[in-house]
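**Q** Have a look at this one before I ask anything.
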Amino acid sequence: MFENKTSVHILFLLVVCYFAFFFANSSFFVNIMEARNFVTAREMIEKGNWLVPTMNGELRLAKPPLPTWITAVFGSWFGIENVSMLRFPAAMVSSLMVILMYFFTISLNKNRIAALCNSLVLASSFYIVYMGRTGTWDIYCHSFMLGAILFFHKAWKTENKNWKLFIGAGIFLGLSFLSKGPVAFFAVLIPFLIAYSWVYDGKVILQKWQPLLLAIGIFVVISFWWPVFISLVHADEAAAIAKLESGSWMNRHVRPFYYYWNFPIQSGIWTLIIFSALISPYAFKRFEAKKEYKFALIWTITAVVLLSLIPEKKDRYLLPVLIPSALLAGQLIQHLFQVFKNKTADKWDNLIFGVNLWLIAIVALVMPVGIFIFFYQDQQISLLAFVRFALLSEGIFLLLLMAWKNKNILNFVIGMLCLMVITEVFILPNTSNLQNRNKEFKNIREARNIESIKDLNLYSIGKEQFRIEMVWEVGREVKSWNTEDLTEFPKEKSFVVFSSENPKELFSDLQLQNMEFETIDHYDYNRQPKGNKRYSPYFQKYMTLITIKQ
């Protein structure tokens with residue numbers, strides 16, 4: 001009954017998504033990408049600049065605004081300081097991606113078990129989980145693009161024109177572009193179209209040109225109304241941002257061509273499964289669904305190659321590759337399920353299953369030792385919580401032993417998911433010491449509580465910029481001030497400056513004659529200790545009250 005119940009599958013997937021994306025999602029501190037989103041959302045709410053976003057008082061035109069609009073709506077409903085709810089939309093969109101994967105797989109092969117398997121792999125892949133728990137843009141554009149692909153695939157499978165499906169595809173294309181521009185088109189849609197045209201009948205794409213034109217028209221309207229509006233009201237700034245963004249792809253974070261070729265690692269617990277599925281001689285010789293495997297393989301490899309052509313490379317840019325990688329992993333799991341069920345497995349099937357299972361089994365066996373050393377001895381978790389975790393972890397180890405003995409791939413998958421769940425339930429809420437190793441850490445958020453400066457303007461001076469993460473923590477705009485430019489001198493009698501060095505060293509003798517300085521506090525927002533390569537003066541700030549003499 002479970003195998004044929006879509007509603008049961010969806011309910012089960014939603015439970016997994018809850019633990020993957022929603023549970024304790026305020027455990028991590030706000031990172032730089034989130035801070036940009038949250039600060040922009042805060043200024044939308046406070047200043048009403050929804051159509052022309054600003055970040056720390058300056059135009060924020062580098063990214064399309066849809067994810068920030070959604071974040072701002074949740075911020076206005078639940079409070080802009082409620083980080084958990086600011087991250088809630090990203091978790092929702094991640095869950096949408098998982099559900100879309102389920103229905104895309106059904107559209108691909110009409111196999112509900114394969115759909116469930118692929119969706120579970122996607123929902124528990126490390127970088128999907130990570131991005132689904134943080135309020136950034138990436139998960140939006142790729143999730144919406146998967147929706148467009150689902151509608152296109154369903155439309156191309158049938159003989160009639162399916163106008164409604166193409167309308168749906170056009171809407172999702174537009175939402176994807178309005179989330180992060182052409183990123184998902186390059187990293188998801190183009191590789192999909194190449195793989196689909198290669199393996200299936202690519203002619204059908206052009207045969208239904210009339211509804212396709214409608215989809216493109218809807219996409220254009222949704223995608224480009226905001227960029228056109230911005231180009232009309234802020235033409236020079238928009239042109240400068242476009243030039244800067246295009247240049248950054250070529251000049252910033254440049255990595256070698258092969259940088260992405262360890263991409264399965266981004267899936268976390270499914271790394272070995274995906275590596276195994278990439279062994280094409282093994283797969284083509286044994287898999288029944290050879291066409292589907294070829295489609296997933298070409299989609300995956302094409303996505304990696306296209307991303308590798310871009311000089312700028314970051315690990316999070318591999319997020320879209322995890323979509324076809326989940327299809328690959330699902331193909332291998334389905335193959336092992338069938339050969340063990342039919343008792344036709346050969347030595348290579350047993351070897352691949354054994355290597356994958358025993359690695360996870362060993363992790364489950366020894367994890368309590370690591371938790372004891374890094375969490376219990378450090379008083380991050382209670383004795384009761386540690387005992388519960390240890391018992392559950394060893395229970396998973398026994399489940400995996402039984403899976404090996406009985407050659408039960410289902411228990412193997414369940415064991416993997418359970419290991420992820422207990423880690424998130426017992427460990428994620430208690431990672432504060434692991435995230436923050438600086439004993440001298442002092443959160444600049446404390447500046448909010450100083451009554452004497454609440455009505456004063458805040459400025460940042462010196463060559464070390466005031467990082468956007470700290471703007472988020474301070475809770476309001478911190479203006480950049482070049483102290484060497486006398487025309488920029490604040491007009492207020494009293495104001496507050498943040499600086500990484502003694503502020504008196506940043507003014508000329510003439511300026512100092514007309515100023516009175518009062519050091520209010522010193523903050524060290526570094527989460528790594530001194531001596532660590534990630535320790536930065538950018539996160540060390542004096543807070544000083546300056547009063548202009550009469």
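Glycine is no exception: its Cβ is also placed from the backbone N, Cα and C atoms.
The transmembrane segment feature in TrEMBL is assigned to 12-33, 86-106, 113-131, 137-156, 163-178, 212-235, 258-283, 295-311, 317-339, 351-375, 381-402, 409-428. Positions annotated as domain 'Glycosyltransferase RgtA/B/C/D-like' by TrEMBL: 63-226.
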**Q** Verify whether three or more Cβ pairs under 8 angstroms connect the transmembrane segment (295-311) with the transmembrane segment (86-106), leaving out any pair fewer than 6 apart in sequence.
**A** no
**Q** Determine which recorded stretch among 295-311, 317-339, 409-428 has the most C-beta pairs below 8 angstroms with the transmembrane segment (12-33).
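**A** By the under-8 Å Cβ criterion, the transmembrane segment (12-33) pairs most with 409-428.
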**Q** Check the transmembrane segment (113-131) against each of 163-178, 212-235, 258-283, 295-311 and return whichever range has the most CB pairs under 8 Å.
**A** 258-283
**Q** Same chain, outside the transmembrane segment (295-311) by at least 6, Cβ under 8 Å from its Cβ: which residues?
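**A** Cβ under 8 Å, 6 or more out: 108, 186-188, 190-192, 194-196, 198-200, 249-251, 254-255, 257-261, 263, 278, 280, 283, 317-318, 320-321, 324-325, 327-328, 331.
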**Q** Which residues of the same chain, at least 6 past either end of the transmembrane segment (351-375), have a Cβ under 8 Å from a Cβ in it?
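**A** Residues 269, 272-273, 276, 282, 332, 336, 340, 345, 381, 386, 389-390, 393-394, 396-397, 400-401, 403-404, 407, 409, 412, 415-416, 419, 423, 426-427, 430, 434.
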